[in-house]
Amino acid sequence: MGVYMTGVIGVIVFYVAVLAVGVWAAAFKRRQAAQGHLQDDMMLANRRLGPLLGIFTLIATWVGGAFVNGTAEAMFTRGLAWCQVPIGYSLSLLFGALLFVRPMRKAEYVTMLDPFQERYGAGIGGLLFLPALCGDLFWCGAVLRALGSSLAVVAGVDPNISVCASALLAAVYTVFGGLYSVACTDALQLLCILLGLLIAAPFSMVHPAVSFEHNLTPKDWLGHVKNEDLGEWVDGMLLLVFGGIPWQGYFQRILSIKSTSIATTLSIVSMFGCMLLAVPSAVIGVVARATDWSLVPGYNRTFTTDDGNAAMPMVLRYLTPQWVSFVGLGAISAAVMSSADSSILASSSMFTRNVYKLTIRPKASERELNWVLRISVIVISMLSTLVALTVSSVYYLSYLSSDLVYVVLFPQLLAVVHWPTMVDTYGCLAGYFIAIILRLGGGERGLGIRPLIEYPFYDTRTRAQKFPFRTAVMIIALFTQLFTSFLTRTLLGKGYFPRCCDVLNIYSPKKSKEPGVMQSSSGAALMDSSSVNANYELATFT
């Protein structure tokens, strides 16, 4: 396959556009700071995002390269019934608004990990960073894999080379950082997707090699959920809906909007925006399934479900006119690139603030924090690249990204935000490790992890868990956390057990304070409010 110059030019044009917007936004923020308009901090854009930019950036929380490529892949390989990512992630915006927007904004948190460190202390917040990091790595890996697939089709180069080059560009772009820059590129990203896909979908449908009557049956595009797969389907949908909430990228946007009422409304409205933007991608996936690829000029070979990862770029390249391909492939590539910076910034911000500053070096200088953030961006970009090179399916990666987040983080976040007086550090740790053990015990075929626990309805032939075990593990972890906290609060807090049994010194009356930490009435470590809302300025980084 030779170099496809039209696609290459399209990618370059849209890359330049995204980079230009990011640089302009960073420069604009610098001018504001120079004029005395100090930023709240790099992550929250001074909590002043308006409705227009807010709706764009909230929709872009999920609508990026992995979203559109993954939707087309799912429609091509398994049909509508199993195309869960766009529906599940869209609904997560609704439930996120109903469950978490008001309490998180009322407490004026900066990151998703702040309520954990406020309740349990700095060390526990650092521990909970690990599943959040894994989620961001898998999502960013999906983004890079989607871009690698697109560039492989465009330029005919090895996908691994494309992934590495894409990661390098994402890291360079993220150096300009700041949520304001990310939000501005999000707006451009959505305009690119609207422009590219709304133009490309109709053109692809009228290609001579496409025949919905001869090459497509209703079962092909509708899909089918067998009775034995119903538990797996329900588990996957709940995973996406509630596993799509505990993400720093989402809370960054929610906490940066001007008011709580606007943030709640925009989160709900963005749900409909996500669903609508999934339609063109779904149509393109169906078109790929309805195409006789042996009749396509320049391709002339079969295209099977094993190639579903490339469904979107293949349709854009081979089934549309050159000028449409220019717009479509360039737009998708730009959308993918502007999605990568969000995940990288989210994990880098949490590590710099919640792990390094509040756990490792509370007295770190601003210059030191800036360098830590820079190094974090590079390391997370490298790890995301390794993930993207390991797993071939974009849809699978985007699905897997919510797995640990759903099982480990969601019950923890639900408890600490809504029932903070009912949980303590012992309960948090018990729920955390129970969730990890039971989840890993269920195995993961895509990563080569064999099941150690055979849950009900286990399929010995395919080694598949047919029981909704992820949801079961999430519920067990939640009740473990609440029950363990009740026991320790009763036995240790009321003095039924000697103080020596309180190995974490949660209920010790004379526990000494740590820097930046103050004691609650129950003895749990709470971050000092001045530390929680610390305005460590990172403008010099951008």
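Yeah, the Cβs are placed from backbone N, Cα and C, and that goes for glycine too.
What TrEMBL says about a protein is an automatic prediction, not a curated fact.
As annotated by TrEMBL, transmembrane segment applies to 6-28 (among others).
According to TrEMBL, the transmembrane segment annotation covers 49-67 (among others). Taking Cβ pairs closer than 8 Å, the transmembrane segment (49-67) reaches residues 85-86, 89-90, 92-93, 139, 142-143, 145-147, 150, 179-180, 182-184, 186-187, 189-190, 193, 244, 247, 249-250, 253-254, 256-258, 262-263, 266-267, 269-270, 273-274, 277-278, 281, 332-333, 335-339, 342, 394, 397-398 in its own chain, all 6 or more past its ends.
Residues or ranges marked as transmembrane segment in TrEMBL: 79-101 (among others).
Sequence annotations record features per position, and here TrEMBL assigns transmembrane segment to 122-148 (among others). Note on the transmembrane segment (122-148): residues 64-66, 68-70, 112-114, 116, 159-160, 162-163, 166-167, 170, 246-249, 309, 332-333, 336-337, 339-340, 343-344, 346-347, 350-351, 354-355, 358-359, 362, 380-381, 383-388, 390-394, 397-398, 400-405, 408-409, 412, 425, 428-429, 432, 514, 516-517, 525, 527 of its chain, located 6 or more positions outside it, place their CB under 8 angstroms from a CB of the stretch.
The transmembrane segment feature in TrEMBL is assigned to 160-183 (among others).
Same-chain residues lying 6+ beyond the ends of the transmembrane segment (190-210) with a Cβ under 8 Å from its Cβ atoms: 14, 17, 56, 59-60, 63, 68, 277, 280-281, 283-284, 287, 290-293, 295-296, 315-316, 319-321, 324-325, 327-332, 334-335. The transmembrane segment feature in TrEMBL is assigned to 190-210 (among others).
Taken from TrEMBL, the feature transmembrane segment covers 230-250 (among others).
Taken from TrEMBL, the feature transmembrane segment applies to 262-288 (among others). Beyond its flanks by at least six residues, the transmembrane segment (262-288) meets 51, 54-55, 58-59, 61-63, 67-69, 71-76, 80, 83, 86-87, 89-91, 93-94, 96-97, 101-102, 105, 190, 193-194, 197-198, 200-201, 204-205, 207, 210, 216, 221, 254-255, 303, 311-312, 314-316, 319 of its own chain at Cβ-Cβ distances under 8 Å.
Under the heading transmembrane segment, TrEMBL lists 323-351 (among others).
Among the features that TrEMBL reports, transmembrane segment is placed at 371-397 (among others).
The transmembrane segment annotation in TrEMBL covers 417-440 (among others).
Within the chain, the transmembrane segment (471-492) has long-range Cβ neighbours (under 8 A, six or more residues past its boundaries) at 234-235, 238-239, 242, 406-408, 410-412, 414-415, 419, 422-424, 426-428, 430-432, 434-435, 438-439, 442, 455, 501-502, 506-507, 522. Look at TrEMBL and you will find 471-492 (among others) tagged as transmembrane segment.
Long-range neighbours of the transmembrane segment (160-183) within the same chain, counting only residues 6 or more positions beyond its ends whose Cβ lies under 8 Å from a Cβ of the stretch, are 15, 18-19, 21-23, 25-26, 28-29, 42-45, 49, 53-54, 56-57, 140, 143-145, 147-152, 252-253, 256, 336-338, 340-342, 344-345, 348, 373-374, 377-378, 381-382, 384-385, 388-389, 538, 541-542.
By the count of Cβ pairs under 8 Å, the stretch nearest in packing to the transmembrane segment (230-250) among 6-28, 79-101, 323-351, 417-440 is 79-101. Stretch with the largest number of CB pairs closer than 8 A to the transmembrane segment (323-351), among 6-28, 79-101, 417-440: 6-28. Residues 58, 61-62, 67, 70-71, 219-225, 233, 236-237, 239-245, 250-251, 254, 260, 263-264, 267-268, 270-272, 274-275, 278, 281-282, 285, 395, 398-399, 402, 413-414, 417-418 of the same chain lie 6+ residues outside the transmembrane segment (79-101) yet bring a C-beta within less than 8 angstroms of a C-beta in it.
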